[in-house]
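The feature compositional bias 'Basic residues' is assigned by TrEMBL to 155-169. Look at TrEMBL and you will find 59-204, 290-433 tagged as domain 'FAS1'. Residues annotated as region 'Disordered' in TrEMBL: 28-54, 143-179. Sequence annotations record features per position, and here TrEMBL assigns signal peptide to 1-25.
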Amino acid sequence: MGGTPIYGVSSLLSFFLLFITSTVALPTPSPPKPHHRHHHSQPSIPPNSTTAAAGSQINSNSVLVALLDSHYTELAELVEKALLLHTLEQAVGNHNLTIFAPRNEALERRLDPEFKRFLLEPRNLHSLQTLIMAHILPSRVGSPDWPQPTDPSPRHRHRTLSSHHHLHLSTKPTGQKTVDSAEIVRPDDVTRPDGVIHGIERLLVPQSVQEDFNRRRNLRSISAVIPEGAPEVDPRTHRLKKPAAAAAVPVGAPPVLPIYDALAPGPSLAPAPAPGPGGPHHHFDGHSQVKDFIHTLLHYGGYNEMADILVNLTSLATEMGRLVSEGYVLTVLAPNDEAMAKLTTDQLSEPGAPEQIIYYHIIPEYQTEESMYNAVRRFGKVKYDTLRLPHKVTAQEADGSVKFGSGDVSAYLFDPDIYTDGRISVQGIDGILFPETEAAEPLRKPASPVKVVTKARRGN
């Protein structure tokens, strides 16, 4: 994730220590039992695993505890992120496991940051689970069991814990052992009574996970602007001169008019023409994207108040969907529930107050944690436009993170990249922001509406 760490080693270690201190001596794991193939949408669990796990618990000599070895802590954290601790506990109680574990270096430096970001997004939990389970065999395969180049069948096919996924083990003429296309760099690195860990050079990515990633990545490249004629804008009046010119617009080109002219007329904005081109059959479905990011906020946890304001107290969700459909991109600085709790009912009941507050938290640019942090590191202070004209929000580096606002009215980037689809970016912050002119009394009343006055035309 471009330098973003994966958290969870301490909690994972605490989880295993709790089992170690509370369990008694365990019998030697029983040999593998024959089982039938089951078809599930979730990662498969070996049959009878529930009854096997009910009478046993992992101990300090388990192969799962060995994942905390210094070479494989990154993989152990991914296991916790995938919520697979209980599943693997059941599997190790019923089987001897073989784990193909990428070393920390392979996951920290050699993994595509965009793919790593995809795996850790809450909505892609199933893909992460499938990927982790594809590295584990429900049987013990040590170095002596590896096929040799002289064998009649030099490639052995083994079913993994992931549904409908198999790994192929082989040995090159040079003697190098491989699993699929990855080399085994540390064979039999960790051996335990209930399993063995082989260190591999890189992550194994099942085809289904790769297809999910490609589908998400291709979604970002879809153009929201029709490659037709672009409207001409009179620079003096800032209005459209005529419908569409003959020249073609490059695919992916931004809308001609600024985002403020596309906002629906309201108490603080004068009517403005909608940017073109666009239509129900030719533009990107921004309403579905807005619905998707609001659902992500709810599932992420801690941002229910923000989602409630967007859906129930204002029509901003509909407005944001229309903007995205017309080709605009947005970055939402979302205050968490603790910050929103500081607002009172009176403050939100003022006419236009919820809209004014949320407008100041929406930036008409596409920014991620990485892009904002790089900007403040390079320039010190950066001012971003907001949908609340003419106010800007200031960002600067502080304590290794990005700090928005100034003085008491400030907030830190608390939960980065909650939602990033190439058009809408949601960044969680731990406070509510107000324009600097309202810093002295930010919670008394909403800002005065911004009035747009049309300039008198010459000769009228």
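Glycine residues also receive a Cβ, built from the backbone N, Cα and C atoms like all the rest.
All annotation found in TrEMBL is predicted automatically rather than curated by experts.
Mapped onto DSSP helix, strand and coil, the domain 'FAS1' (290-433) counts 58 helix, 44 strand, 42 coil. Here the domain 'FAS1' (59-204) is broken down by DSSP into helix, strand and coil counts: 51 helix, 39 strand, 56 coil. Taken as a whole, the domain 'FAS1' (59-204) shows an average pLDDT of 87 in this prediction.
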